[in-house]
């Protein structure tokens with residue numbers, strides 16, 4: 001491939017590639033968006049990632065990406081295990097240890113604290129040493145600690161174990177999404193939104209298990225609730241932890257995960273990029289024309305030896321200076337955070353994304369984590385009532401799956417990722433308002449189910465948009481900051497129901513949740529970058 005061929009490919013990609021997403025009518029907006037995001041990377045990296053993106057598009061979608069879709073999906077399924085597991089189990093844990101309903105949110109808070117710390121640590125590590133290690137280890141930690149949590153001797157001990165589960169799994173979602181995105185051809189990036197269907201599946205799996213174990217092996221009153229008559233929540237943790245370990249084993253056994261080609265490119269490892277692209281092509285039953293000489297041709301344009309340093313330098317300096325070995329903290333705070341705020345528009349986009357994640361992280365647990373306990377408290381102390389509350393919650397969990405699929409479809413429409421995200425988020429707020437105001441059980445069930453569809457769609461779009469608007473050298477860090485803000489919101493969400501005036505036996509958490517969802521949806525409209533029709537850099 002000659003340099004001229006390379007330039008020709010970069011110029012005409014949107015015209016020659018069969019794409020689900022239309023790009024021709026958005027070339028001007030796409031150019032503006034690329035200019036905003038390009039401020040976070042060096043010019044040399046931007047030229048090389050264009051070449052890589054075109055080669056990934058030429059190779060196309062194949063078995064390599066579909067296999068990764070399954071393995072990343074497994075991680076997303078497990079990610080939703082733990083919040084659902086705690087929300088289903090904590091009521092029974094409270095009965096066994098005689099904990100009041102105003103203190104039950106400590107379980108959710110412990111999980112959120114762990115998730116927040118884990119999101120920062122694992123995402124920073126992924127930009128520091130690569131995606132592969134974090135991708136493999138987080139799922140394993142969650143499974144092991146879940147087995148330990150099943151034997152918790154006190155409520156405080158339970159909260160400690162839940163916090164460690166959160167730390168282990170905190171980086172799972174952003175890292176899995178970033179890794180999957182970096183192997184996708186540009187015209188298939190919408191598939192990242194569809195990956196959220198696995199997340200919805202995780203909620204359904206745990207809810208079905210809880211229905212079996214909680215209804216069959218649990219006490220109904222704190223007055224008579226010894227461990228021997230309340231083993232359901234422990235069985236739930238044992239089985240869910242075992243499933244997570246099987247998932248981790250599946251990752252190790254079925255696929256020897258390779259490092260992301262865009263991460264390798266950001267480190268200046270051109271030879272590794274070429275090798276990785278050829279592996280993808282071979283697995284997909286085709287061939288790649290990419291050669292190391294293609295990158296050297298770009299190097300010569302900048303009169304620079306790319307092997308002198310990683311491509312994570314100053315956002316305003318197109319040249320690359322040698323980078324000394326630095327601590328993880330310094331690399332996180334300087335090399336990867338600062339470029340995300342390099343220009344006013346980029347700073348606005350990054351700040352709004354973090355704020356939106358925070359508001360959703362505050363609003364979603366207020367509704368989702370409170371819902372199982374609220375349903376239990378309104379179907380009190382009878383086997384029929386408990387069974388009915390699970391039936392209602394399972395309906396909610398089931399509809400999250402088509403909701404995710406709808407979200408993936410919405411990302412391909414002309415109003416783009418921002419339009420899909422704003423509409424689904426605002427609608428979630430509207431239907432939670434209606435749920436909180438419901439006067440009959442039929443209304444509760446109906447608005448609960450519709451809310452599941454809209455929140456499923458919202459998360460599908462959010463999970464796709466976020467890594468797309470962070471350049472690969474800083475994608476782990478940016479996604480981690482957003483995820484950490486989301487978990488911080490979860491911490492605050494746990495505090496609100498601790499007030500007796502806004503406890504889990506009232507609808508106040510739902511009213512607050514609805515208002516926050518609506519506010520987050522309005523903020524989406526002010527995001528300056530639209531990622532639809534644009535290849536992630």
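Cβ atoms are placed via backbone N, Cα and C, with glycine included.
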Segment assigned the feature transmembrane segment in TrEMBL (from 393-413, 477-497): 393-413
Surrounding residues of the transmembrane segment (346-367) on its own chain - C-beta under 8 Å, 6+ positions past either end: 36-37, 39-40, 83, 108, 112, 340, 425, 429, 432, 451, 455, 458, 462, 466, 469, 478, 481-483, 485-490, 492-494, 496-497, 509-510, 512-517, 519-520, 523-524, 526-529
Recorded stretch that, among 66-85, 137-170, 393-413, 445-465, has the most CB pairs under 8 Å to the transmembrane segment (235-254): 137-170
PLDDT averaged over the residues of the domain 'Major facilitator superfamily (MFS) profile' (68-532): 81
Which of 66-85, 393-413, 419-438, 445-465, 508-529 contacts the transmembrane segment (137-170) most, counting Cβ pairs under 8 Å: 66-85
Proximity of the transmembrane segment (445-465) to the transmembrane segment (508-529), 3+ C-beta pairs under 8 angstroms: no
